[in-house]
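Enquirer: After the structure tokens below, expect a handful of questions from me.
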Amino acid sequence: MANRMSMFSVGSEGPGNQRAGGPQTAQVSTTTLLNAIHNIYLASQPHQLESSTSLVVNTWLTAAQGNPTVDSTLSSKAWEHARRRAEDGCVILGSLHQSTPSVLTPFLTSFPFAIPSTLYKALDAVQPFLRCVTPYNPSTPRQAALGVTLTLNLTGNLTAASLALSQGGIDTVNGLLNIPSEAGYRAFDVFYYLLTSASTPAEREFLGLQTPSSYTLLSRSGTYDPPSYLPTADDGASADDFRQALKDIGIKGSAHRNFISTLAGLLKLGNTLDYGVESEALEEICEDVSGLLGIEPDTLLRQCSTEDRWTFIGGLYESLVDWVISKANEAIAAQMIRIRNGDESPDGRGVITPTSDQASGDTVSITVMEVPQITLGKALSMRSIFDDSQGINAEMIEDGVNVSPAGSSVLREMQQAVSDVGPDLGIMTGPEGRERQHELEKREVVLEKIAYAAEEGGFLRKLLFPIEGEGINLGRAGRFDLPAVLGSNRLWYHLSLHPTDDSPAQLAALPSITSAWSAGTVSRQLRSWRLPEWANRRNRNLDFTADFDIDEFASRYAVLGCKDGKDGIESWVLERGWSNGEVFVGKDRVWMREGAWWEAESMLDLKPEHNDMNIPAVNINPFGSGFDTGYSANGSGYFPPQGIEPSFNGSNEQLMHSRNFSQSQVTVGQQNPHAPPSIAPTAMRNVSNGDYGLGNKGDTYKDDIYYNPEGDFTGTMDPELAKNKKLQTKEVSFGRRVWVGFVWALTFWLPSPLLQHVGRMRRPDVRMAWREKLVLVFLIFLINAIIVFWIIWFGRLLCPNFDKAWSQNEVKTHQGEDDFWVSHYGKVYDITKFWRQQHSDTDVKTTTENMLPLAGFNLDNYIFPPLNEVCQGLGIAETTRLIFNETAEFSTAVHTSGFYGNPTSKLHDPLWYWNVFEPKIKEYYKGDLVWSEKDVQSQGNNMQRPWAIYGNQIFDLTDYFKTKDVYKDAAMYNFLDESVSDIFKNNPGQNVKSLLDQVIQNSVGNETQHAKVMNSWLCVQRNFYKGITDFRDSPRCTVNNWILLAFTIIICAVILVKFVAALRFSSKRRPSPQDKFVICQVPAYTEGEESLRKALDSLTALQYDNKRKLICVICDGVIVGQGNDRPTPKIVLDILGVDPKVDPPALPFKSVGPGSEQLNYGKVYSGLYEYEGNVVPYLVVVKVGKESEQGKTKPGNRGKRDSQILLMSFLNRVHHRAPMNPLELEMFHQINNIIGVDPELYEYMLMVDADTSVSEDSLNRLVSACANNAKIAGICGETSLENDEKSWTTMIQVYEYFISHHLAKAFESLFGSVTCLPGCFTMYRLRTVDKGKPLLISDAVIKEYAVCDVDTLHQKNLLSLGEDRYLTTLMTKHFPYMSYKFIGDAQCKTAAPESWSVLLSQRRRWINSTIHNLVELMRLKEMCGFCCFSMRFVVFIDLFGTIILPATCVYLGYLIYRVASHTGQFPIISIAMLAAVYGLQALVFILKRQWQHIGWMIIYIIAFPIYSFVLPIYSFWNQDNFSWGNTRVVIGEKGNKQVVAVDDEGFDPRSVPLQRWDDYALANNLPGRRGGYQEKHDYGYPDQYEMDEIKSVYSAAPQGSVLTGMGGRNTYMPPQSPAPFSNMNSAPTMQGQYHDAPASIRRQSMMSLGTQMQDMHRSQSPYQDFPTNRGSVMNLRGQGSMTPSLGMAGNRASSAIGFTGGHRPPMGPDAMQSTTSFDFQRGHVGADDAAIVEAIQSVLHEIDLDTVTKKQVRALVEQRLQTELTGERRTFMDRQIDRELENM
């Protein structure tokens, strides 16, 4: 009889007596995996990641000093599956670190069958060709993949074996041709063995071997010896072993000589690769090599270039390795024949009995594939695990297996990994593939050229042409196709990790071989290969290791009772108890997990009648019932069985030290199985496996609702089903009426039919919003137009020619080659286009040297008319000319015309000035030359300069009087009438208009005199004109400038203060650790897994007391975001590690929305999340929506504002001890009783967006700032970009983000008036410090922030777009004397929009919300202060800049045009302001050492038109771009009434019942009575928080949470959903956490596996449902009857004082006795006498009677009983207290 023993079953490991489990439900995190890896490393054991994957940790030290760790179980699995299933298998030996040693040989030895010794010798011979020494690994493999194929028959015996490289070949570049030049690197080991293993001197002489330093290929790094830290490393000894291995595989004699000759030839040929080698040396080398290789020297010397020789060396080396492998395979095959014939044993030591089986029978193969390259191993592994488009994953999906797609970030990383090594995976389409193809083709050409030139029949030709007639087939023949192997085998993974990044030399100094450990290094390896996601995905969906055809399955297991067909198989599977996903019956195949498969195979082996099947049996204990499988109950070798040992550490904080324990382990059952099932949407109570009850992609809807056993709805009204349609009339405020009237006044000319039919605006409210938008855009345009008009054109109206006048100094500023201005006779000219022209007909050339000195000059003394021509009628001779007071500096520039002109030129013409010069110069006229009237007067008075003003014209007679003085008043030079000249002489600098007019008037009677006076005056006007007075100094021209200057000063002052503020807030003081309780709110919408994980991990890793922070994630609907593969809530729950089977009830609450949308449902999850050693409690609220929403794409979605209100309203009700809705009651229960913190302890709320990661010290800095300043109500930190270089849209935002914080917000914060605390990173104070007055959670803020009917344009922009800014505005409005701060030390990173469309959408929201918030800011009473001297008013002005951004851009464009076109004066002030603005900002960067932002500033300046013009214009016009909905349509506004058509059933507040926590806790036997709000203050708690007996783990008394680990003594029920839904019952399930067993039956702890196993006869699961007589709790609306629990011994809700850490013994003789019963006479539930006595005795034993009053004792007793005693009960209590005191 054939041996039927299963080696695998005998050798199985793990706990026995456990049934093979279904899908793994525990979530694997990096930390849990890291801890497991550390433990197995210390124990030198493997770790099973999932059924087909094992992890080991090895170093060269563990490999050298002992056998490296391998998983023999994995090899046994592969063997069992191969022989039993007759399917090929492949074990991938992957390496996650470059320093991991090879485990190929040790893994082969772990197979449960004999391996022929020749195979090991073959590996010894081949590995020196593939490995080399590197600084990080003394034996680094350089091949892509090396496979050992073991061929087995179906009995599991080895029939053949072979070695092969993959077609990816060997990395000859890094291993030979171009080894790194750093110390520690060597080439392939074989070359060093060659140089030290020559057996005889003759052989060494023949080969011409020298020292390694003589060879270019070996000398690059300067390292020639093996590492010194290897105690037994010696090239000589290794070379001897290598030579012996070659002999063992048949390489000896001539084959060996050819082999070593080729190796030596390659070494020498490497010396030709140096481009600096001389020609003679090159010839000599080629001569030597040709003799060794058997080829003509000219072939290498002349037919091959240096590049060709490079290619030839690499190709020939690979060919040589292929030849060695082929010889090895021949030797292995020969030994296998000898073994089969009985001539030899597998170990080669002797003969054995010949085997009876034949090799010609059916066979299977197991390929052990070593993949040392990290990139390749990662790519092929992740592809097979996460890629659902191919391989077995695709087969599963096609067959109907429910496979959840991998996360988008995982898929992106997988795709990147595959693209990096595409050619090795057969992907030749990308750039890497094309490059590889080019290299292969080039190699083939070179090798073929040399092969044909080689000796016929020589060794070289045989190497290159191994198969005659096929040419060069290197890389194909004798190698395996890696993608084909992966696609045709069942894959198993054996992955090696390395414990540290330390060098191997450092490991040698360690005290033990397992001392090396770096959590960061190992964690990086785990995260790089996505092993946590790997484990979660495989264990949850894909961990099927066996699959059968339907008929095959039925046939194989027919002997075990399996029937034919799918129905028969499914029935048999259920009979076996495989109902939890262990077996899946698909369309065509049956899929089995490892535990179930092995259980079936074990049972099959036990069947005697099954002996005819050729399957080995196993020796299993018949009493084990097939459970002794070596697998844990859940089918995983790593994950612990369900249930977790409780913690008895006695800590008063009691946060578990376990990892990622979700609500599934810590929340107990709920309600009565006889209570009516929930009305909550069935899709929200989806019991499908592993779906969190959230449905598939957020839209699964199962029509199976039952309201009560009869199918009737239990309430009086269903707001979801009612279809009321009605008109509502709504009061409109006076302000709204004024605005509507104003809008119609401006848009009356646009008839509504035109908008309705042409504009396609069918709804009246949409048309009204469009009109409002049009008016707003018009007003904004008007404001911008006014600003632009005021700055640019208003001054022109007041002073039309102000830009056509220049002073002499201003003219002098134009002295460039392209800016050539001059003045002449009171006029200014721009002769830039003229001065280069050759305009002289004399020998004087127009050159730059001649002309440029005149730029900016006054040319009165250079170009002047003949005196007799310009002053006619005065008898001036043509020879008369004036002597100029200022001598011309450049004589070549003097243009003297007339009599003294050059006779040979046109200047000799007396009329040249008027005929030639004047017409030409007028073409370049710019304006008047102006003189300050003060300067004219000053020079006239002080210097006696004879010039004067006539009207506004200035005339200077200095040259006239100088000439007279020189010529002693000669008559020919005294040509002006003395009455005229004397006026200028006697009144220098004065306005002589009246005097001169008087002289003219007096001369009228004397014709001769009048003629001379008039001719003299005309001469003065034509020859002595200097310009005009500077009118720009007049009030008319300066008033506008003064106004602008005033605003400029204000702006500059603000900029300066901003600068100072930025410097002021640059301190980096490290505050002391804070201890305030903080809620970290994270609203999640459509973010991706990567963003969510970053956000949650960053919050968990905050350097803050983990017990005092709570992560509260609010998922805004069940929505699949763009790029995601599953809804956002599922992503969040996956990250947090929540059990996918957890399906809490959907509880109603009131949302922010119109009409019936106010009714919403939510689910609450809680637990602990661990990241990098930080364990933080979390609360997840998923808004799942109403029943009617489940078919929609966004069920439950109400917006971010609703998510904020949900938490704010909850905390408001907690603060006021007000009645709560069912969802809030559940939240309170989870926080208070499960997490163990009284919600009222939380003092701050940190709001963080789901795509934001917070720096570690940020929270502590924010809390510290608030603790130091009690006036701070809100505070934010700096938000920077994490994707700053992702695209051009992100690059233009970097500078803006930085400067908006360090200038804008720092400036606002200086005065405590930050106007927008960003929702992505802001912390609010919940209540004031002194009196506990609510702030963020105040009624006023919540009321205004929670407006439901958002039906106007203003409200839409406030509440739908800018909720963060509006919330800040509301806080400022209601708490104006509180501060709103910014601190730059608290930092976070967020993802900016990476595309233009997203940036447009974001800025539309920001800009429009800013505009509409300005309206709200204007209404604040404290806005302007006294005479507008208020910093908030200054902040308002700063924000006003948003509206005038387009005007700013237009003005800057205008400035650029003016400067570029030289059409006006240079705007010095404007340019100086801009320089100051950006200069100060750059100075901020420099002082803060943020050098990179200077570059970002330049990018921002380039993109300034986008920010200041494009985005604002787009935003302004899209103010009405909303989804308006159809439930509420405003059909008209008249007077103070607004008419609304409601096509909606409306919202009935009764659909969301409210109940005080105390009542709810009492009714449901829950701990934590709080008392009312008044009671809170009456008992003396006005300024502090009440901390009763079990409210918090931080109170004096330990809390009563199930997290405390109290065994089975104290389990609490989660809140029952109140009326009108009665008890929202969970459907019975074996796995769900919500069940209906009463407390008396649920005594065992959810955390205790031991109790579960002991009570296995009673219950297979701690979640088992038991019937009970417990009555339903009275609903909140007083409906229904109260059923007494007759004869029920219910478990009382025990006090933490009584059951934690041994503080006191159980209360009374029976701690499980009920404390409540129904009193038929009094008609209410109360404590009976026994319970009161017990409570009194308990309290009196614990208190100090010397310090406690009787009143306090009474209060403690009532607190212990969790009820208030009145009437007879109170009298009994008082009497009993007295009696007990007497007896003490």
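Residue 1 is the first one shown; counting continues down the chain.
Cβ coordinates come from backbone N, Cα and C, glycine included.
OK, Swiss-Prot features for this one:
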REGION    1-25  region 'Disordered'
CARBOHYD  Asn153  N-linked glycosylation site
CARBOHYD  Asn157  N-linked glycosylation site
CARBOHYD  Asn634  N-linked glycosylation site
CARBOHYD  Asn649  N-linked glycosylation site
CARBOHYD  Asn660  N-linked glycosylation site
CARBOHYD  Asn686  N-linked glycosylation site
TRANSMEM  738-758  transmembrane segment
TRANSMEM  774-794  transmembrane segment
CARBOHYD  Asn885  N-linked glycosylation site
CARBOHYD  Asn1006  N-linked glycosylation site
TRANSMEM  1043-1063  transmembrane segment
CARBOHYD  Asn1408  N-linked glycosylation site
TRANSMEM  1433-1453  transmembrane segment
TRANSMEM  1466-1486  transmembrane segment
TRANSMEM  1494-1514  transmembrane segment
CARBOHYD  Asn1521  N-linked glycosylation site
DOMAIN    1726-1782  domain 'DEK-C'
Enquirer: I'd like to confirm something. Which of the glycosylation sites, Asn885, Asn1006, Asn1521, has a Cα closest to the Cα of Asn153 (N-linked glycosylation site)?
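Expert: The answer is Asn1521.
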Enquirer: Tell me which of the glycosylation sites Asn885, Asn1006, Asn1521 ends up closest to Asn157 (N-linked glycosylation site) in space, Cα to Cα.
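Expert: Nearest in space to Asn157 (N-linked glycosylation site), counting only the glycosylation sites, is Asn1521.
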Enquirer: Sort Asn157 (N-linked glycosylation site) into helix, strand or coil using the DSSP assignment.
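Expert: The three-state answer is coil.
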Enquirer: Counting only residues 6 or more past its boundaries, what in the same chain has a CB within less than 8 Å of a CB in the transmembrane segment (774-794)?
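Expert: Contacts with the transmembrane segment (774-794): 742-743, 746-747, 750, 1040, 1044, 1353, 1411, 1443-1444, 1446-1447, 1450-1451, 1454, 1516-1517, 1519.
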Enquirer: Work through the glycosylation sites one by one (Asn885, Asn1006, Asn1408) and name whichever has its CA nearest to the CA of Asn1521 (N-linked glycosylation site).
Expert: Asn1408
Enquirer: Roughly how many angstrom lie between the C-alpha atoms of Asn885 (N-linked glycosylation site) and Asn1408 (N-linked glycosylation site)?
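Expert: The separation of the Cα atoms works out to 67 Å.
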Enquirer: Taking a Cβ cut-off under 8 Å, which residues six or more beyond the ends of the transmembrane segment (1494-1514) line up next to it in the same chain?
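Expert: For the transmembrane segment (1494-1514), the nonlocal Cβ contacts are 1284, 1291-1292, 1294-1296, 1298-1299, 1399-1400, 1403-1404, 1407, 1442, 1445-1446, 1448-1450, 1452-1453, 1478, 1481-1482, 1485-1486.
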Enquirer: Indicate the candidate from Asn153, Asn1408 with the smallest number of other Cβ atoms within 10 Å of its Cβ, considering only these glycosylation sites.
Expert: Asn153
Enquirer: Given the glycosylation sites Asn157, Asn885, Asn1006, Asn1521, and counting only Cβ atoms in the protein chains shown, which has the most within 10 Å of its Cβ?
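Expert: Compared across Asn157, Asn885, Asn1006, Asn1521, the most Cβ atoms within 10 Å surround Asn157.
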Enquirer: Mind tallying the domain 'DEK-C' (1726-1782) by DSSP state, helix then strand then coil?
Expert: 41 helix, 2 strand, 14 coil
Enquirer: How big is the Cα-to-Cα gap, in Å, between Asn1006 (N-linked glycosylation site) and Asn1408 (N-linked glycosylation site)?
Expert: 80
Enquirer: With DSSP assignments reduced to helix, strand and coil, which class does Asn1006 (N-linked glycosylation site) get?
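Expert: In the DSSP reduction, Asn1006 (N-linked glycosylation site) maps to coil.
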